Structure formats: C-alpha cells, structure tokens
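Feature annotations, courtesy of Swiss-Prot:
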| type | residues | note |
| --- | --- | --- |
| CARBOHYD | 11 | N-linked glycosylation site |
| TRANSMEM | 32-52 | transmembrane segment |
| TRANSMEM | 104-124 | transmembrane segment |
| TRANSMEM | 133-153 | transmembrane segment |
| TRANSMEM | 158-178 | transmembrane segment |
| CARBOHYD | 193 | N-linked glycosylation site |
| TRANSMEM | 214-234 | transmembrane segment |
| TRANSMEM | 244-264 | transmembrane segment |
| CARBOHYD | 280 | N-linked glycosylation site |
| TRANSMEM | 316-336 | transmembrane segment |
| TRANSMEM | 350-370 | transmembrane segment |
| TRANSMEM | 386-406 | transmembrane segment |
| TRANSMEM | 415-435 | transmembrane segment |
| TRANSMEM | 454-474 | transmembrane segment |
| TRANSMEM | 483-503 | transmembrane segment |
C-alpha cells in the first residue's frame, strides 16, 4: 500500500478548499440570479397593477355603481364630473376617486399586519431555502388573487376591494422576504472572494450595484407587461377593459417566480466556516421543522425588541422616520396623478397606460444611472443622494399647485402629464435603488427579515396615511388637485430629516445591536 507524503496531503486539502470556495461562489451567483427573478416576477404587480390598473378599476367600478353628487337618485355616467358611491346600504357616500384611495389604505394596513407576523417566522428558520418557500407560497396566492380580479363583474366592487387587499398583502410578504436576502448574498459573496476582502467599501458598492440591477430588472419587466397590456386591451371588446391587463399581470407573476424554486438554494457548509460566519451568510443549517403558533409572535417580539434598542439604532430611526414621509408622499403621488388624469383631464385608459410606460422607462433609467454613474462620478454618499432625489420629486406636486395660480400651466393639459411621468419615473427608480441599498447597510446581520419588515411598515405602512388623507381631502373638496399641497409639504419635510443620517455611524450601531440577542 502506498502512503502519500505530507506535501501531497496538504495539496489535496488546498484543492478541496479551493473547490468548496468555487462551489460556494457559484451558488452565490446563482442565488443572486434567483433574486433577480423575484424582482422580475413580482414588480409588475406593484408597478403596473397596484399603481395603474387596480386604482382605475376601483374608480371605474365605483362610478358604475355610483350616483351624481347633486342628486343621489341619478345614476352616474361617464359624462358626469362629480360622482359618489354609496357604501353600507347607502349609509355613507364617498367620492368615486376616494374609493380607490380608501381601499388601498385598508390593504396596506392588513399588509403590515401580515408582513410583521410572517417575517418573524422567516427569521427563526433563517435559510435561503425557507425564504424561497415563503416567497413562492405568498407569490402564488398573490398571483391567483390578481387573476381572479379579471373574472369578477363590475357590480362586485366589494369583491374587487377584497381581492386588492389580499393580493397586496401577499406582495408585501414577498417584498420583505425578497429584500432580506440581499445582504445575505452580498456578505456571502465577499466572504469567499479574497480579492475583495481588503476593501471595506466593496460591501457598499456591491449592495448598491445588485440593488440597482434588481430595480432595473423589475421595472423592465413592468415595462414589458405594460406594452403587452396595451395590445391586449386594444384587442379586447372594450378599450376600457382593464381587467384583461390584470389577468396578464397575474399570469406573469405566477409563471416567472417558478425559476426561484431551483435557483435559490442554501450554500454548502465548508469545514472551516465559523459560527460567526454562519450568522452572516446564507448557509445556516436548517432547524428541525416543528411549527408552533407561538412562532407567529416572534416577528412582533423582534420588532418591539428592535424598537426597545432604538438608542443603539439612531441612524435606523432617522432613516425610517424620513422614509415614512417620503414613501408616503411618493407612493401617493402616483395614485393621485392617475386618478387626477382620469377624472380631471379625462384621459383614456390607453393614454394612462402610456403614462405608466413612460414612468417605467425613466424609472429603469433612474435606477440604473443614479447608483452606478451619478453616485460614483460625484462621489455622493447614499444619504446625500436621497436628499437630491427627494428635491427632484418635490417639483411634481409643486407644479400641480401652480394650476391654482395660472390658467395654462400646472397640469392643465394632457401633454403635461406625459412630461410629469418622465420626471416622476426618474425619481421613483432612483429612490427604489438607493433606499434599499442604504437601509441594508445599517441593519444587523441575521435579523434582515425583521428589520426589512420595519422598512416595509414605513415603506408600505406609511401608505395607510397618505391615501386616507387624500381621500378625505377629495371627499371634502371634490377636487383632487388640492391633494398636491399635502404631497409637496411632506416631501419638503423629509429633507432636513435625511440631512441627519450618517451611514458609517449606522453601520457601527448595527454591529452593536447584532451582539444583543433578539427574544424569540
């Protein structure tokens, strides 16, 4: 029998270690591709369906079942400017535009409850495989409920509202769990890429790069969906048939999430991996699957624990307060502008979809160029970049306010809406990419789902307030233009808050909290 020398054994070990490293890097790159599919499959829902189709459908259903503002015995038609919808056996009447805003506000409320509950369970079984299964489960439910929207009659406005709430709640879970994977993949890639370990800034660069690409891919898929939707609507029996577009969005979401089932996998555990590494990487050994109802409260207890240690998370608190205001106003700008264009400027459904397409194209441009070129060229840190994007976005409601002063400018004509869509798209894409990357840098490792659920509370949960206030303003004035005052004030208010944000200090805060156990 021949025994190898000590040198041969060492070489064999080195080859084995190198092979394991290459396999892990390969798996990480595959996971990143799978993460792109999460954005590619689900983004058309929030960008196309929630932002365009469903608000129009809600207003359309409300108008079909509504009456005129002046005389509640007269059925509302497309020729009437001001219509109201009777709810709860006509006990109360609301503006037909407000029905869409109130429904969205309620949907975000339920979305917030579901997201916090589910994210805690995800953090307990903190593996890529488990998170993938959660993504697929809620993605399938959300996609099917979106498809069902296309099958209801225009008299079923309560059912439409219910399906909107269900699908939006499912998307919230998909969004939070999907975003929580980003810092795991970045840490894992840099952990096994020796050429990058000497540069601390590579975490920031890689996070921003992947986040920007994900946002661009998501908006690109939404753009494709919008273009195909125009063709489908033109081929349908009615040019106002928006339900065929929601059908296509649901099918798109259902099909394109399937590649995640084989792309998102746990990486193999190397023999030299330390427990500290396992806390940061997506290579956790799965816990034994024993579900307890007590696990459902883990997200809430984790949330309260995180808030309890807010003194260690000064910059996270600053970010969330600022983002609560910005997300509320920017999200509400879209639904307000769509309803404004339809009710005040009388734009057709196809024209409104074109507006959405222009928004998507420029959102892709903003998500791609702002993090990768503008940020690098001018050496702008993420917190400063956010301030400039907010200033850019604030011009939209300001221009709408000018309509009270001037007769011919200030969103008085249809062509102005197309210019506004371009302007809005750039700000939307930039905010989407930069906000996720900045937040992922200042949260503790191993608690991504919980903290991204907090991010979702501010990102989506703030949308409870915005549409509610706009709905109340519209119900009181029956003129949605007045809502631009509120939107402009909110954006300006956020600027001094983000001026206080310090990302480098936030990283140290996150490292401190990472050492404090979160209660189960």
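Heads up, the Cβ atoms here are built off N, Cα and C, so glycines get one too.
Outside the transmembrane segment (214-234), and at least 6 residues removed from its termini, the chain residues within Cβ reach (under 8 Å) are 35-36, 38-44, 47-48, 52-53, 182, 241-242, 244-245, 248-249, 252, 256, 349-350, 353-354, 356-357, 360-361, 363-364, 367-368, 429, 432-433, 436.
Between the transmembrane segment (244-264) and the transmembrane segment (133-153) there are at least 3 Cβ pairs closer than 8 Å, counting only pairs 6 or more residues apart in sequence, which means the two stretches are in contact. Here the transmembrane segment (415-435) sits against the transmembrane segment (350-370); at least 3 CB pairs are under 8 Å, leaving out pairs fewer than 6 apart in sequence. In this chain, the transmembrane segment (454-474) touches the transmembrane segment (316-336); three or more CB pairs sit within less than 8 A of each other, excluding pairs fewer than 6 residues apart. Counting C-beta pairs under 8 angstroms (sequence separation of 6 or more), the transmembrane segment (350-370) reaches the transmembrane segment (32-52) with 3 or more such pairs. Most Cβ pairs under 8 Å with the transmembrane segment (483-503) belong to 386-406, among the candidate stretches 32-52, 158-178, 386-406, 454-474.
Under the criterion of 3 or more C-beta pairs below 8 Å, with sequence separation of 6 or more, the transmembrane segment (454-474) and the transmembrane segment (158-178) qualify as touching.
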